[in-house]
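**Student:** Annotations per TrEMBL:
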ACT_SITE  47  active site, nucleophile
ACT_SITE  88  active site, schiff-base intermediate with substrate
BINDING   47, 49, 221  Mg(2+) binding site
């Protein structure tokens, strides 16, 4: 695993925060402009759905709802989205942890759900997801530009995902053809535990040969993404508009009432900041200025000069974010 050689952002410890970016309105048209050289960031690790593809993180939600519906269990869109970012089998476990789901299961089957039920649902979920994700592979505006700009500056680009390898095998040929070319792709099935554990980030580090952790940034759109980053000891940027927290397709977001949309984006920002995000941005198109700020904080030794500032999260608590009963 990737180890921190200089004591910056030690494994499992969140980097102290100097500045928190407010949730603000930006246009998709801004994308990436006035790019300065990033001198200190070694790697940026992205989530996939809701971050660099599948605007609104649409693909997984309907599959979860439909698979449970076939068993006479109704889960809401909000419930389906709440555990998003976890490995998909852990996502099923998290849904079974909800009181509303347990009560329905008890009424329908006379018992609470078991691990065997998790396996049964997942056995149907996996092939359904592997098929549907093919229709939700469009790169999010700014994703290709940002990744190419980072690589042009010699910064490694890694990725992590709650999808398993079989699902990614459906996605990668399509995104590669579109020009989305990260240096590393790690799925939840390639490590002993998915998010919020940090193992996918560490494996990215090892494959890309990058360290220390305090010079690496994780970008994602879910609470689990932020938890993964904090547990790994890297910087984190949470995305408020393009992903799971808002949950709108690009067309829906463009058609939404601006006042309502701004309020929803602000709510998403607060949720991700409360989860421990060092910064928030609306989407990858909005991240270059945030990366410049992080780069500057590393330059000014912010990670070691401000140890008196409280950290946002406690690593042990992160692993217990979702209710489990198994």
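Start at 1 and count along the chain as shown; that gives each residue its number.
Glycine residues also receive a Cβ, built from the backbone N, Cα and C atoms like all the rest.
Quick one: where do these features end up spatially?
**Tutor:** Cβ contacts within 10 Å of residue 47 (active site, nucleophile), excluding its own Cβ and spanning all protein chains shown: 29.
DSSP classifies residue 88 (active site, schiff-base intermediate with substrate) as helix under the three-state reduction.
Counting only residues at least six positions away in the same chain, the Cβ atoms of 47, 50, 51, 57, 85, 238, 239, 240, 242, 243, 244, 245 sit under 8 Å from the Cβ of residue 221 (Mg(2+) binding site).
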**Student:** Between residue 49 (Mg(2+) binding site) and residue 88 (active site, schiff-base intermediate with substrate), how far is it from one CA atom to the other, in Å?
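**Tutor:** About 13 Å separates the two Cα atoms.
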**Student:** Could you tell me which three-state DSSP class residue 47 (active site, nucleophile) falls into?
**Tutor:** coil
**Student:** Around the Cβ of residue 49 (Mg(2+) binding site), how many other Cβ atoms lie within 10 Å? Please give the count over every shown protein chain.
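**Tutor:** Result for residue 49 (Mg(2+) binding site): 29 neighbouring Cβ atoms inside 10 Å.
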**Student:** Would you mind checking how many other C-beta atoms are within 10 angstroms of the C-beta on residue 88 (active site, schiff-base intermediate with substrate)?
**Tutor:** 24
